[in-house]
Amino acid sequence: MPLRQYQPTTTMIKILKYSFYDLMRSRWSYVYFLFYLLLGFVLLFLNNELSKAVITLMNVIIVLVPLIGTIFGVMYYYNSKEFTELLLAQPIKRSSIFLGQYFGVAGSLTVSLVLGLGIPFTLYGLFQSNAIWDFSLLLLTGAFLTLIFTAVAFNIALANENKIKGFGYAVLAWLFLAVIYDGLFLMSLIVFEEYPLDNLSLIATMFNPIDLSRTLILLKLDISALLGYTGAIFKQFFGTNLGLLMSIFMLFLWTVIPVWRLGYVAKRKDF
Amino acid sequence: MIQVESLHKRFGKNVVLAGLELDIHQGGIFAILGPNGSGKTTLIKTLLGMVIPNKGSITVMDSPVRNKWKYRQDINYLPQIANFPGNLRVKELIAMIKDIRQKPSNEQKLIGLFGLEPFLDKKLSNLSGGTKQKVNIVLTFMFDSPLIILDEPTNGLDPLALIRLKELIFEEKAKGKTFLITSHIMQFVEEVSDQIVYLLEGKIYFKGSISELKTKTGQSNFEHAIAAISTHNNHD
């Protein structure tokens, strides 16, 4: 009998490797990497202080990372359709194909983010400063947001044969979580201002990964005093270790559920 | 080798397979024929597990197909349209499939047979349709598997490549392999196939040898026999 390897995990790693190399070879990964590299240097040059640069950076990351994850996720799924069809006829488990591709995309985006920002900040003396924890948390949430939004994008693409529709829905999903959600949240706070809304706002924050990341970083940076009374309530919760763990757990759930659904849907689809 | 029992498949309202029954024994070349939209490709894709049937069961080499993937290790499949990731080179694609299959392969011989050496370093997006089909054939035949499924293998091939393909098919058949072939080129089907499986409206309408088909339809010409079997049905 010839040597045969049947382990699904090793095949998944192989698919991941090919997708990762494929993306690392594409121009867009470099553009993304260079963008962060440039952003890091410019911010450090303008702010002259690590902790301030971290705050500015947060505002950029919170919005941009999900957008890039969404767009790359959808584009990669549709562009690799032929590759997928080729793989489907091979002795590979379906979930290995899709999870391999997903982790290939999300992985290469995360590498671009971490290296692109890590290099300028390290050169500026990050390891000697106390901003290192804030910065690490920033990169951690950035990585989570990449994983989350790429997974959401893959889910949307898998459900839509039509590229334009899939692209539209994915961008809408991003727009909703990045902009509209906050608007609705604010409006509800104004409408129901007579009622105690502390717990409601805590919960609403938990259900949006972008808000969750923003709150997490702001409170870690200890500028919650700027947020007034609600800030104090948030600080009480998020500022504690329990709050931190709880938030990271929620981000983890936000990652695991779409990834699980990806495998589940892929198993039942016709190609 | 392949057992298909009361296979049903719908895409939305469109019924493609309606209780199809098929039994194929090991060895020989089976041509799957039928008018456009009769469910040939869907049947092949259900065998490969790419399309999931609504009802019915499929067994390939004693292994049920549903939600399984290991059985595909024993199938070589040539897809109908040779669409490959465009930014890969021919060499890299072959290496990748070898890496995934982890089976001994004889791609060097096939590359020589189809004269693909000058294209090995070219990107797949820059190849002509016929050259892509040759790459497709190399990828399909380079592994030693008992079941070989070819969906429109003659697409875009030049006469020399077509002769090589036929030689290759006969060579593999002599080793006791089973082929499922779909094609619209009746001359090719007549030359290579032992058995005809004729699909109509999602069912097997006829299964037997070419001479049986000619007797049944009362035609001496194969192409006319195939045409007759489709029109015959219209009068029923």
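Glycine residues also receive a Cβ, built from the backbone N, Cα and C atoms like all the rest.
Keep in mind that what you see is a predicted model, and the values were worked out from it rather than measured.
Feature annotations, reproduced from TrEMBL:
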- A:30-47: transmembrane segment (TRANSMEM)
- A:53-78: transmembrane segment (TRANSMEM)
- A:99-123: transmembrane segment (TRANSMEM)
- A:135-157: transmembrane segment (TRANSMEM)
- A:169-192: transmembrane segment (TRANSMEM)
- A:242-263: transmembrane segment (TRANSMEM)
Please work out which recorded stretch in A:53-78, A:135-157, A:169-192 has the most C-beta pairs separated by under 8 angstroms from the transmembrane segment (A:99-123)? A:135-157
With the greatest number of Cβ pairs under 8 Å to the transmembrane segment (A:53-78), the stretch among A:30-47, A:135-157, A:169-192, A:242-263 is A:135-157
Quick check for me: are there 3+ Cβ pairs below 8 Å between the transmembrane segment (A:242-263) and the transmembrane segment (A:30-47), leaving out pairs under 6 residues apart? no
Residues of the parent chain within Cβ reach of the transmembrane segment (A:169-192), under 8 Å, 6 or more residues beyond its termini: 62-63, 66-67, 70-71, 73-74, 149, 152-153, 156-157, 160, 200-201, 204, 208-211
